[in-house]
Amino acid sequence: MFRLHDVGLTHGNGFVALRGVAMAVQAGEQLAIVGPSGAGKTTLLRLIGAALRPSRGSIDLHGDDPWTLSAAELRRLRARIGVAHQAPPLPLRQRVVTAVLAGRLGQWPWWKGIASLAYPVDIVGARAALARLDLGERIFDRCDRLSGGQLQRVGIARVLYQQAQLVLADEPVSALDPALALHTVQVLSSDAAARGATLVASLHAVDLALSCFPRIVGMRDGRIAFDRPVAEVDETLLSALYATEGGGLPLLAGEPATPALPLAAGGPRRGTCWR
Amino acid sequence: MKHPRDPAAPGRVAAALLALVILWPLAVVGEFRPWILFEAQNLRVMGGFLAAFLPPASGSEFLAYLGRATLETLAIASAGMALAFVLAVPLAMATTQALSISRLGPGAGRRRGEWLRAALRMLLVVLRGLPELVWALLFVRVFGLGPAAGVLALGLTYGGMLAKVYAEILESGDSRPARALLEAGGSRLQALCYGLLPGAAQELTSYTVYRWECAVRASVVMGFVGAGGLGQLMDQSMRMLNGGEAASILLTFLLLVLAADALSGLLRRQLGDGAARAGALAVGPRALAWLLLLGSALLASYVWLDLGLAALLSRAALASMADYFRAFFPLDLSSGWLAKVAWGSLETVAISALGTLLAALAGLLLALPASGRYGQGLEQLTRFLLNALRSVPELVWATLMALAAGLGPFAGILALALHTSGVLGRLFAEALQNAPPRPRDALLEAGAPSAAAFLYGTLPEVSAQLIAYSLYRWEMNIRMAAILGFVGAGGLGQLLYVELSLFHYAQASTVIAAMLVLSVAVDAGSAWLRRWLAAPGA
């Protein structure tokens, strides 16, 4: 699906965000990226999504280096990539239905995008995507009437509606309570699995990553610290990853008192979202 | 629910139908016929005139005229502002609630004070309700051609505006210090200087400087009714279809308006700085230097213009003035004339509405390159175009458009659209630049074409602001549409101009009354609309 060759990124102010990152992901794979804040998770996702150009190394996406493509080809490539953002980039005065339908603007002919502003062209499709996240009733509300968590789920509904072959999720459930976060990641994961799409998610909550994804990438200081199947990820590895954070691993419940939920032996099956 | 329907659709259809039902008659009233522009005869006249624009006239004799006219324009603006200031200060002191002595207690004469204030406020409404050009047109008939009428017209209209805004500024601040001084037996002037000015001086000065900038723009066109300055020169050149001279004058407009813009901006920024580092002295050496400079400039303006004010105040002059104004009463209220005036009002509304609508559309199209979306080169180019569009006054555009499209309201629509698209384009471009970029960027990163990313990502963020700007501009354009008729572009102005030329004063005063009513109605209507838009849930 995509492959990074020794990729590095240095920002204009000299800050090195990524160095020597190499990874290969097959079509249909699902993996989670974990690591402390500032480790470079968001930057890595933006590089994979062809939103940011690496300053070193090269990226092979769907068999092409996106930065050698023509503008039209790059646009077609991007239309096949869906991104769920931590802070959903939705205009607050837009209606939910319009925000969701905007997911397919890259695939629609131009006139359809304009027609949809006058009357939403695919209410059924938008409603189906929203319903999977329990937001079907809010379809005709304006975005500024929604809470932060609801807005984040509208952003995910847009990605579901886009039906992208590569889904990148950057802390997609950071504003949701634990039960809803789990449900939402399950929806993303099962949707990708059903369509054979690739899913890469950066997650703050380690337990959520371990319980839902078969492959875990740990990042620290702009490098990949480890990249293993979930079964081979143990507490020592994670403790080293989060060494400076203090107060234990960041978990979904936000309470370190929870006895290391998915890490305990005999707990729910790992890497499958308890399905 | 198998096929959910969009609940907003009926509302949208209704709004679209309503817009059509309103716009269609307006287009008929405004004689909106764009194809006229492409008729062979109009194209020939306009083409010949424009071809003569190059090269701009640069004969030494003409340039001397141009220089004199430019100075005269600046002098009219400055002298008019001085007169306005002199009128506005006592009126503001008399009408502001913050300096009311009879309200204390309440003391004796409270009822009388309220009546007096109400009467003075009515006077202010009349003063600023009529555009300065209407006053100038009236005064030219008393004082003859020349700058005196322009100075008086500016003085009266801007006096009314300044007094209203001064009174509001004084009321908006903390009124307790002034109240305490009044309660301690101080006079109004003492309470103003010691209680109100320390808090309000900066805002008052800033607004006055801004008004001076507006006065420069206004005095540019005073000459179209014979009240001196650049406008008079422009009027002559246009009548003779002298393209080269017109081009030079238009360039002068551009420079003058941009310079006034820059100077007023600089002065107001300096005021802000000065307030930040206020010293022990109330009047610092710098401020003193500015005051001296200002005073000598005003003195020079009056000397230069040679207004002959003393002669104006002679008994004979005053008597003839009284006779002239007495001729305007009683108003002609016959039903036939009222119907004509009503039609003129409708035409005025049509010109302003269609002109503003066209301007909003053109402004949005120009704002796209002007906000830097298509690179630096196009940004600078469009910004220059926008500046050029807005620096040519509406009245000048109207004379040009009367050549291109013939006399009538359609020329007025085009004139308003051209000038206003310059103004709105600049405001829209700023709004677009300040819009949050992330929604649009996210759509681009998902492969959306840039036009779609703009429609779905940027426009929803700024649309409310764009509509507010357009409505505000429409309010100003209704007043402007009322005077475009002076150069033959339809509406109430054309009626007034014709009736005054025929010495039909009773009919003219009906038209003036209609202008006043329109102006007051627009004020009230836009205030209501703004409250409605600002209300939650709208």
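Counting begins at 1 with the first residue displayed.
Quick reminder: no glycine exception, Cβ is built from N, Cα and C everywhere.
What TrEMBL says about this protein:
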DOMAIN    B:70-264  domain 'ABC transmembrane type-1'
DOMAIN    B:345-524  domain 'ABC transmembrane type-1'
TRANSMEM  B:45-66  transmembrane segment
TRANSMEM  B:73-93  transmembrane segment
TRANSMEM  B:133-156  transmembrane segment
TRANSMEM  B:214-234  transmembrane segment
TRANSMEM  B:246-267  transmembrane segment
TRANSMEM  B:287-305  transmembrane segment
TRANSMEM  B:341-368  transmembrane segment
TRANSMEM  B:395-418  transmembrane segment
TRANSMEM  B:478-497  transmembrane segment
TRANSMEM  B:503-522  transmembrane segment
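Proximity of the transmembrane segment (B:341-368) to the transmembrane segment (B:45-66) is not established, fewer than 3 Cβ-Cβ distances being under 8 Å for residue pairs spaced 6 or more apart.
The listed stretches are B:73-93, B:214-234, B:246-267, B:395-418, B:478-497; of these, B:73-93 has the most Cβ pairs under 8 Å to the transmembrane segment (B:287-305). Counting residues 6+ beyond its ends, the transmembrane segment (B:45-66) has Cβ neighbours under 8 Å at 230, 233, 241-249, 251-252, 403-404 in the same chain. In this chain, the transmembrane segment (B:133-156) lies apart from the transmembrane segment (B:246-267): fewer than three C-beta pairs between them fall below 8 angstroms, excluding pairs fewer than 6 positions apart.
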